[in-house]
Amino acid sequence: MASFSIKKSLLTILLASILFAPVPGNVMAQSVNSTVTPQFFDGIKNNAPAVCAGKSFYTRDAFLSALNSFPNFGQLGSADDNKREVAAFFAQVSHETGSFCYTEEIDKSNTYCQSSTTYPCAPGKSYYGRDPLQLSWNVNYGAAGEALGLDLLNNPETVSTDPVVSFKTALWYWMTAVRPVVGQGFGATTRAINGPVECDGKRPDLDQARANLYTNYCRQLSVSPGSNLLCSVKDAINVRGAVFCTVTLLIS
C-alpha cells in the first residue's frame with residue numbers, strides 16, 4: 001500500500017505540473033474565432049443603414065468559413081499582434097463597405113479592365129469593386145480566382161453573390177498584399193489598399209477615418225493600436241518599397 005501511495009502522489013504532482021505549468025504566449029493567444037465574437041461582428045453591421053444589401057449578405061459564419069482557407073490570418077505571434085491584425089482588417093473592411101453595407105462599388109461606370117496576357121478581361125464583364133475590401137481590376141480577380149480554384153475572370157459577380165467567396169477574396173488580398181506590411185503600422189495597410197488615392201496627403205480625411213475605425217476596434221479588443229497609424233509622407237518612406245513590390249507582383 002505504501003508503494004501505491006507514493007506512486008499516486010508522484011502522479012498527482014506530475015499532473016499538476018502539466019496542468020498549471022506556464023503556457024507559451026503563442027498558445028495563450030486567442031483564436032480569431034474567439035476574438036471576432038458575434039457582438040464584435042454585429043456591432044460593425046449595426047453602424048450601417050437599416051436597409052442595405054450587405055447587412056444580410058455579410059455574416060460572421062461566412063467569414064469563419066472563409067477563414068478555413070487562410071489559417072494564418074490573425075496568427076502573427078503574440079496575442080496583441082493577432083488582435084491588431086484583426087482590428088486592422090475589420091477597420092479597412094468597415095471603411096470600404098460602409099460598415100458591411102455595400103457588396104459592390106456604387107459607381108459601376110469603370111469596368112476596371114487593363115491589358116493582361118495572363119488574366120485577360122472576359123467579354124462583357126466588369127471588375128469593379130466587390131467583396132469586403134472591394135477587390136478591383138481583372139488582374140486581381142484572375143489571381144484571386146487562380147489561388148482559390150475559381151473562375152473569377154469569367155464570373156466576377158460570384159464575389160458579390162456568394163458571401164463565403166466574398167470573404168475569401170478579401171482575405172486573399174489581405175494575405176497577399178497587406179499582410180507583408182501589417183507590422184509596420186496601420187498606415188501601411190491603408191497604403192497597401194488605396195495608397196495612390198489617399199496617402200501622401202492626397203486625402204487626409206479618408207486616411208484619418210480609417211485610422212479612427214482601427215483605434216476604435218483596438219479599444220474593443222483591449223489592445224494598443226501601436227504607432228504609424230496614418231499613411232503620411234513620413235510613414236511612406238518606411239513602407240513604399242514593400243508595397244510597390246507587392247503591386248508589381250499582382251499586376252505583372
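Just so it is clear, glycine is given a Cβ too, placed from its N, Cα and C backbone atoms.
Automatic prediction, not curation, is the source of TrEMBL annotations.
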With Cys113 as one half of a disulfide in TrEMBL, pick the other half from Cys101, Cys121.
Cys121
Record TrEMBL, residue Cys199, disulfide partner from Cys218, Cys231:
Cys231
Return the member of Cys52, Cys113, Cys121 nearest to Cys231 (disulfide bond) in space, with distance defined Cα to Cα and candidates limited to these disulfide-bonded residues.
Cys113
Using only C-alpha positions, which one of Glu96, Cys113, Cys199 is spatially nearest Cys52 (disulfide bond)? These are the recorded positions in the record.
Glu96
